[in-house]
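What TrEMBL records for A:17-34, A:135-151, A:156-177, A:183-203, A:210-234, A:254-283, A:304-329, A:349-372 is transmembrane segment.
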Amino acid sequence: MNFVGSIYKKMNSKHKIFLIILLCCFIGSVIFVFNNHSFYDQPIGKVVKTTIEDVTKVNDINGNEDAVYTQHIIAELLNGEEKGKEIHLTNEYSESKAYDHEFEIGNELFIKIDQQVEEGAELTGTIQEVKRDKYLMMIAWVFIFVLLIVGKRQGLFSFISLVFNAVLLSYALDIYIHNSSQSLLWICGISVILFTVISLLLANGLNEKTYAAIIATLLGTFISLLITYLVLLVTGEKGLRYEEMQFITRPYRMVFMAGLFLGSLGAVMDVAITMSSSIFGLYEKNNNISVKALIKSGMEIGKDIMGTMTNILFFAYVSGSIPTLILYFKNAAPFGYTLSLTLSLELARALAGGIGIVLTIPIGLYTTLFFVNRKRARR
Amino acid sequence: MNVLVVLAGILFLLMTLIGGRKGVRSFFALFFNFAVIIITVILMNDPNVDPVILTLIACVLISCINLFYINGVNSKTKTAFLSTIICIVILLLFIIFITNKAMIQGFGEEEIGEIGAFSLLVEVDFIKIAVSVIIMSTIGAITDTAIAVSSPMREIHYHHPNISRKDLFLSGLSIGRDILGTSTNTLFFAFFGGYLALLIWFKDLSYSVGEIVNSKIFSSEMITIFCAGIGVTLVIPITTWITAYFFVRNKETKEKIT
């Protein structure tokens, strides 16, 4: 406690106010998510007792052995007209729990209450969904605190930029949904410019480094998108299995391209800002450094980041398919068929993003050189 | 011609042109990583093997490929490797806790239509699979941040060999803070690009905020994003500390010998 106290004493009043506001937000939101039952229209029940009624061993045609458990649950209703009453529920879950859940005492569930047949009989219902908002809130706060403790001021800025981008994305999608006549790619194009300008300005402030990075990012993303588009056009999209694309309510090709566009943007921005700030750093250390030396060091830096950056996108995309892959394999689907069906779109995305990353290295280098030379001429 | 083959060809060409030999290695690293993921998934099919332990082994292999194969075995990659593994283990404990509590394993209601023809009773523990998915989506970003911090720290130590451990640690942290924003941004856009279809789906079917937040798919995506963000942030102080400790201790032992 002494340690915390001494840190608190060292802070200036601006930081103290910020800390107090932050703690108030934290405590307020945690209290809210743990007590927000009355804000939901759907009845919510808290599990107070569970008993296992039945266990059935199951074998399927592919030789998988599993067990199905039938669980009888008594839950206490936390909102609505029946608040405080107990309700009886049945839940079936398997050992693998791919699509079902085992519930324990204390879990909170969304419930649909069955119509009562006779007056005074015990309430029964069906479980519809798990209440997950409090866990989401908890992990969001862990993220915010880790970001602020490690990143201090920059951490705060990167959090602001994340929130801002999320709001902007949601707004852009609203515009798209209400005006279907407008192409998603156009809306994405305009939002990409906004995303780039806002994120880079927040990360680096108003200076030439940022301008060079913004121009390099935009050039890099648009050129890589153009290349991908041409490849899709020339090959007739052979090998892409759009039928596996999930959650499709709109023209799928457009959604795929827009997702690809957006997905590579962050990585391209990362490369562009790394290139421009390191080249500007070299120039600031030694104002007489030759253009040739700058190109050489720039390419070295580019080579260093190329491999790990392409891997970020690769893992972020491909990992999400692991559960589907396992399900296919376990159902004895052929190997090649499974891979092409579940991974073709993810791989295309990762490869297209990789092209964007690699292209941005020379683009970033020469855009920064342009700004460096302009600065040099002015001196 | 297959789209993937053409895209891979273009990527290979660009990486060789721009990156030279290191570019070629970076390209092959992608393939090795792909092979590691596929082999891990195949091994996960055996219900007697713990998927979390498999994932840890896969992470060690992947960090070896990303750090030692691309960048060579040297003091900066060694410290980055050690920090990656420590960070993964810490993150893992946290992820296991949150996936168990939030029950985000397996498939959501919205996905069940297309896999309905399959048997879902397949023995494999999908809670542990969910843990692996989150770890695997972050491993690329964690190794990237670790090497991005440890590599300039070695440069600082090289140019100022008499720097104290504390000063090296502080300059490492300041480098880390500079890349923090762009690293979280990279992950954020990568995931949102991937989930764009899902977001449009929620908006088109006019889900209420409560329904979106509590749905399995959305919350698992958000938990993945937050865990990834926590991972890349946590790896910064870990790498800084280990690198500072390692380099300055090296100097002291050298002095003792001479």
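Each residue, glycine too, has its Cβ placed from N, Cα and C.
Here the transmembrane segment (A:210-234) sits apart from the transmembrane segment (A:304-329); fewer than 3 CB pairs are under 8 Å, leaving out pairs fewer than 6 apart in sequence. Counting same-chain residues at least six beyond the ends of the transmembrane segment (A:135-151), those with a Cβ under 8 angstroms from any Cβ of the stretch are 22, 26, 29-30, 33, 158-159. Counting Cβ pairs under 8 Å that are 6 or more residues apart, the transmembrane segment (A:349-372) and the transmembrane segment (A:156-177) reach fewer than 3 and are not in contact. For the transmembrane segment (A:304-329), the residues of the chain that approach it from at least six positions outside its boundaries are 98, 263-264, 267, 270-271, 274, 335, 338-339, 341-343, 346-347, 349-350, 353-354, 357-358, 361, judged by C-beta separation under 8 angstroms.
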